[in-house]
């Protein structure tokens, strides 16, 4: 049996939205008053699939122009009637991580070392080795020049770019490529899947600084991004390419770190051959990926102290070598030695850049692993501990090499004092294992974000910590990375080819991050154009120069990682393309409301007692699969709720803002639409019983709020009937979000488009004063009757109606489209995880129907 997938979806129709932040007192003091206005134009996003319970005579356009309308407005902020959970505690949200004391902060700092800085912390193991393999040492000045390159690479990339700029471009504490993309999507409608709702902008997570109307530059960028499909596609391709490089980085990081650490055996033992190093490295890698499932919180406290000891070793060995050999290497802080290095070595110096960039590997991990820790903790740890220890380590190696040119083949282990070799060797191997985990955990986070935003097939995600929801483990991805990592290690067998692949992956991520952060600085931060230009120009020039160097050695074996990254990119692109086509087709095929009205409240079939939860991917309209249920099944439930699991581009949606409800058709139909909104960081761990309970309670609150609004309308009609002696005068209700409703229609009823009017036209409705409820008592009786109906339906049982929608390319489609849709996308859908499995619904509660769309 198959299960419906919790596709991130939605529509572009209008919803009655909520402004959070008011307290209960302001809500209770809200009142409705009439405000006369000669003309009012309905928002063009008004829902087109709603139903007006009363028949209103259509007016000619000339008559409309002559009418004087009154609008009913609320004098203080109100909450969204659809977002019923928010009625409990409007605008409140409980923080996931509470303020901690000194002891817990120290523990968090240790975990920061173990998770974030392992990658960049082990770079001294191989940086000089790879650099001097490409550019052999001719004299001491070459060592000083290479050291100067390393120093200023550490200053420009990890310190200036990432610590002072990129870390602040986080999405409410989330880092990584897709966090940047999500942040941009919130401030400009650039997503290719048109699943946005106006109500999404009312989520608390959207309450970030937006482009100011006074700054024309930000608005121009926003408008151009939203208007250009080419720019949207280019932005998505950039994000997917960057994500593919992140996954590739998770392959080469373990290979490089472990092989360079195990390679120290050749210095300590001497009789160890490279083939034996490869075998031992493979064993270590298998162990590494096997313990990944224990998570960050369980291993962080163990790995943190180990990495702290490693940084102290780097600093101590560096100081020892500076004192014993040559302290004059401090003159490498003079950037002029970079110029002298290139002047003496020309092309070889350019080749050496491919090794130099390895000193900055792990910079992206600082940002990608941000979801685990705070910006300040990462900044302070890097500036006060990591960077000084790294600089001392590189200075010490340079001091040793200045008197031992021949040791450049394994600069780090050769510089370790013989009495400390084996303890340092042991610590370095532990540090290498930690470094390998840093990018793997970052990859897990990035993939989870991409899954939620519809850019990667769904995979099983295991949360390894009950306290920190960002700490996850993805089994399929973990073992896939292990397989590819072993292929890379066994096929290349040396750190030089792996180091080149490492540089390609890291620089690909860095350039993607530079472009996205530059866009954020222009669009969201509204940074001074001079600062933006300096950041973008300096970062891109440095990274492009490094990239040109590593690309010159692709044929040495690093092409393997490019092939792997290309495969990952194609998987994400195909999934996003297929999901987009599927969603657009379902929007086009949705059932017209006229058809449901013609069928009547029984929907042309038998209404059996019970509640049917029809999972679909549309947040607006009735999905075509519902018509398939009506024609396939002998009966349909007495109450049907169209449930859409929708992921929005925010890290987390508060529980108080989770559900949106809307009535479909008149009350006698007992049809509702529910949108359950989740952020890409949210965890869906509730059982199907808990989900049902929350959903039904929220529905009851929605119905009560709807009844209150109808009672208020009824009071308003009776109060003003005497003053209106001509029914040609039209009143419309202006809800707090600007939506327009007839006073004769319940506030939450959906307004039906006239078939002979375009969506952009002005829509007005007259009122039949005798059609509405006669008194508040009638409203109360109607409310109790409907609530009783819900309780009886709930007692009869809840069944999950799952429609398996699939797409196939038409026969006249071009060949490439058939290949992508009929084979690649179909294969990915077949092997991806179904969203309904998170609810653990028993098969006895499932009813499924398949449907294929031709695209």
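Glycine too: its Cβ is placed from the backbone N, Cα and C atoms.
The compositional bias 'Acidic residues' feature in Swiss-Prot is assigned to 36-51. Positions annotated as N-linked glycosylation site by Swiss-Prot: 404. For 766, the entry in Swiss-Prot reads phosphoserine. Annotation comment: Swiss-Prot describes 1-105, 164-233, 290-298, 368-379, 437-467, 525-528, 575-855 as topological domain 'Cytoplasmic', evidence class sequence analysis. Per Swiss-Prot, the feature topological domain 'Extracellular' maps to 127-142, 255-268, 320-346, 401-415, 489-503, 550-553; the stated evidence is sequence analysis. What Swiss-Prot lists as transmembrane segment is 106-126, 143-163, 234-254, 269-289, 299-319, 347-367, 380-400, 416-436, 468-488, 504-524, 529-549, 554-574.
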Any contact, the transmembrane segment (529-549) to the transmembrane segment (143-163), with at least 3 Cβ pairs under 8 A: yes
Distant-in-sequence neighbours of the transmembrane segment (299-319), which means Cβ under 8 A and at least six residues beyond its ends: 107, 109-115, 117-118, 121-122, 124, 291, 385-386, 388-397, 399, 415-417, 420, 424, 427-428, 430-431, 434, 437
Contact call for the transmembrane segment (269-289) against the transmembrane segment (554-574), three or more Cβ pairs under 8 Å: no
Same-chain residue ranges lying at least 6 outside the topological domain 'Extracellular' (255-268) that approach it to Cβ under 8 Å: 119, 122, 125-126, 129, 274, 276-278, 280-281, 284-285, 288, 358, 361, 410, 412-414, 421-422, 425, 428-429, 431-433, 435-436, 485, 488-489, 494-495, 498-499, 502
Cβ-Cβ under 8 Å with the topological domain 'Extracellular' (401-415): same-chain residues at least 6 beyond its ends: 124-126, 128-129, 132-133, 136-137, 140, 143, 263-264, 266-268, 317, 321, 325-326, 328-329, 421, 424-425, 428
Remote residues contacting the transmembrane segment (416-436) - C-beta distance under 8 A, at least 6 residues beyond either end: 114, 118-119, 121-122, 125, 253-254, 257-258, 260-262, 264-265, 267-268, 284-285, 287-288, 303, 306-307, 309-310, 313, 317, 320, 362
Contact ranking winner - 143-163, 468-488, 504-524, 554-574 against the transmembrane segment (234-254), Cβ under 8 Å: 504-524
For the topological domain 'Extracellular' (127-142), distant same-chain residues with Cβ under 8 A (at least six beyond the ends): 149-150, 260, 337, 340-341, 344-345, 348-349, 351-352, 354-356, 358-359, 394, 397-398, 401-402, 405, 408-412, 495-496, 499
Collapsed DSSP category at the residue listed as 'N-linked glycosylation site': coil
